[in-house]
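This report refers to the structure that appears directly beneath it.
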Amino acid sequence: DRQTLVAVLQFLRRSNLRESEEILRREARLLGDDLGGSVATVGTSSPGVAAVAAVPPGKGETRGGFGIGPPSRGYVLHSAPCLRVSSPSSKITHSADLMGGAVVVEDQPDVSAVLSAYNQQGDPTLYEEYYSGLKHFIECSLDCHRAELSQLFYPLFVHMYLELVYNQHESEAKSFFERFHGDQECYYQDDLRVLSSLTKKEHMRGNETMLDFRTSKFVLRISRDSYQLLKRHLQEKQNNQIWNIVQEHLYIDIFDGMPRSKQQIDAMVGSLAGEAKREANKAKVFFGLLKEPEFDVPLDDEDEEGENEEGKPKKKKPKKDNVGSKSKKQDPNAPPQNRIPLPELKDSDKLDKVMNMKEAARRVRLGPECLPSICFYTFLNAYQGLTAVDITDDSSMIVGGFADSTVRVWSVTPKKLRSVKTAADLSLIDKESDDVLERIMDEKTASELKILYGHSGPVYGTSFSPDRNYLLSCSEDGTVRLWSLQTFTCLVGYKGHNYPVWDTQFSPYGYYFVSGGHDRVARLWATDHYQPLRIFAGHLADVTCTRFHPNSNYIATGSADRTIRLWDVLNGNCVRIFTGHKGPIHSLAFSPNGRFLATGATDGRVLLWDIGHGLMVGELKGHTDTIYALRFSRDGEILASGSMDNTVRLWDAVKAFEDLETDDFTTATGHINLPENSQDLLLGTYMTKSTPVVHLHFTRRNLLLAAGAYSSQ
């Protein structure tokens, strides 16, 4: 209908929505007179009266059929089922319910817009029949297809249930839920519990889980054969209800080749939005280590080892009279040295490096035959509720974050903690003397413990800077605080998160740090900026843990949406999405060579990932509760995991990562073959009496330190 089209275009022009106008023009030219494909037709009995529905931000109803989408993005017109109103006399209501199917707003969605996609489409009494028909078809299909097609059960179940609730068929929804919720995989239990509480249309409006499910397409990875089988079945059965949901709310990542087995699928699924699209893990990642800065130092006669900033080892090298002359070539997988600006080395850093190398020379070479000694720091009578722990790289200090909002720092060596003298006393000191650094410290303040007050809620994360001059803490009060370890006072409060901040960590090179919280984003900060430098958005639930890659160019975040993401610090892009955990992620650890990532979650499994290929390469089973701590030994030979089940377990990392099948086929299809049994990788299990393990740390000589608070129950 030309007139209507012209009217719409004029309206778009008046509203300065050029982009949308262009899109509509292109579509119209493409479709000639028939605009039905791109514009929802609200037909009276005379066909061809078209109306475009766009949902205005913050408003549920559409004004006069024309709303205004967020101008920044423009809006995308989707083909929507036509809604016919039977008699000419009946009114056409321009409500969001009728119109909603036509529009997908790319940005954070307006609630009514999102929900309105559940407009009435099928007979509510037939939903159970549709679902059980599909279920019967899948269960009777060949074994090789059954495992793959079974992935459809959960997302279809959720969308059909929500559709019934939205359209106020409450009794049908209840019976649908009761009949089929038992068929869903056990790892969706928590989500189903949330779902079962949504029984009325009103409940859906403020529910975050609901909105996530609606706005992010659930990703399924299915072989072409299985997909064709499904498509044929739905088309033969004329089962449009299910086909509509598949097309509108699911993203099917089709691959060519053999269907995956049940075990292969189970290893990878379980996250809030299904698996990661294979495209998501294709970007190039520079996982190599940066070259060491060169500086001259006289060394002892022993064989020494160079280390990078976080005390991670390089290979053994022949004796040299100075570190600067090492002929170490640039790692081919390393990022360019100046890809992101890193702080210059101070003299004190160089001295620390020399100490580090001397320690490294006396390091114990770990392996299955030579396991580390473990020293456990138990926090006794921690009635304040221990919520976070960190240990300095040189193992001289330990910090605890507590639920009573305090941060407590202990010295672990005989050397007491001292503050710098007052300004008046400092002016009397001879600045030229050799021991000036010693003289500026005030002996009167020496003590084993310093308590830092400032937060107004439980402290959930703590992190020492590599040079041990600063300490970060993050809290339920929404702030990250930077404390000086010279004066034991708070220097800055970083305010960016509006909700609790669950974790924070310094970069291995200092200066930068990352924080993640309940607002579902991670933020990258620099100590001298009070605003974040980068905001990493993409998770569908709280960001529960954060970790810097050893080369500081990437950040890994674990989330309650059961996925792990790897972000590029340079441009803020998400370069990897790893799915496979069945519960919120609570611990992350990069291997010292930067190639692998280990992750632990509430499901008690440790998963191992190859960062370069974007693949899961191992699964370590043994813990019976949440894993809160993971750490690789300094040489990367052993992975230690600590859990709420009161144990520390040691795993053979060398064996776990050797002879990996990372051929092109595996990478292309994501078929992984995990060994049935991870027990042959388990080197030892060490019980505490009744102390959950919340932190692990390998000293520079490969002694393992563990920490936790004794719980009397």
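Cβ from N, Cα, C; glycine included.
According to TrEMBL, the domain 'TFIID subunit TAF5 NTD2' annotation covers 122-250.
Annotation source TrEMBL lists region 'Disordered' at 297-349.
For 297-308, the entry in TrEMBL reads compositional bias 'Acidic residues'.
As annotated by TrEMBL, compositional bias 'Basic and acidic residues' applies to 320-331.
Annotation source TrEMBL lists repeat 'WD' at 379-420 (among others). For the repeat 'WD' (379-420), the residues of the chain that approach it from at least six positions outside its boundaries are 310-311, 352, 355-356, 359, 426, 440-443, 445-464, 466, 468, 471, 473, 475, 477, 483, 485-488, 694-695, 697, 699-700, 703, 705, 707-710, judged by C-beta separation under 8 angstroms.
If you look at the repeat 'WD' (452-487), the same-chain residues 6 or more away from its ends with a CB under 8 A from one of its CBs are 309-310, 346, 348-349, 352, 385, 387-394, 396-397, 399-409, 417, 419-420, 493-506, 508-510, 513, 515, 517, 525, 527. What TrEMBL records for 452-487 (among others) is repeat 'WD'.
Look at TrEMBL and you will find 494-525 (among others) tagged as repeat 'WD'. Taking Cβ pairs closer than 8 Å, the repeat 'WD' (494-525) reaches residues 308-310, 312, 342-343, 457, 460-467, 470, 472-482, 531-537, 539-548, 550, 552, 555, 557, 559, 567, 569 in its own chain, all 6 or more past its ends.
Residues of the same chain lying 6 or more positions beyond the ends of the repeat 'WD' (536-577) and with a Cβ under 8 Å from any Cβ of it are 208, 212, 216, 270-273, 276-277, 280-281, 283, 285-290, 308, 310, 312, 334-335, 339-340, 342, 502-509, 512, 514-518, 520-524, 583-590, 592-594, 597, 599, 601, 609, 611, 614. The annotation repeat 'WD' is assigned in TrEMBL to 536-577 (among others).
Look at TrEMBL and you will find 578-611 (among others) tagged as repeat 'WD'. Nonlocal intrachain contacts for the repeat 'WD' (578-611), taken as residues 6+ away from its ends with a CB within less than 8 angstroms of a stretch CB, comprise 187, 190, 267-271, 274-276, 281, 285, 287-289, 312-313, 333, 541-542, 544-551, 556-560, 562-566, 617-632, 634-636, 639, 641, 643, 645, 651, 653, 656-657, 660, 662.
Beyond the repeat 'WD' (620-652), the same-chain residues lying 6 or more positions past its ends with a Cβ under 8 Å from any Cβ of the stretch are 311-313, 360, 363, 365-368, 371-372, 374, 376, 583, 586-593, 598-602, 604-608, 678-679, 681-698, 700, 702, 704, 706, 708. Taken from TrEMBL, the feature repeat 'WD' applies to 620-652 (among others).
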Worksheet item: Per DSSP, what is the residue count of the repeat 'WD' (578-611) in each of helix, strand and coil?
Response: 0 helix, 20 strand, 14 coil
Practice prompt. Restricting to the repeat 'WD' (379-420), report the mean pLDDT as a whole number.
Written response: 90
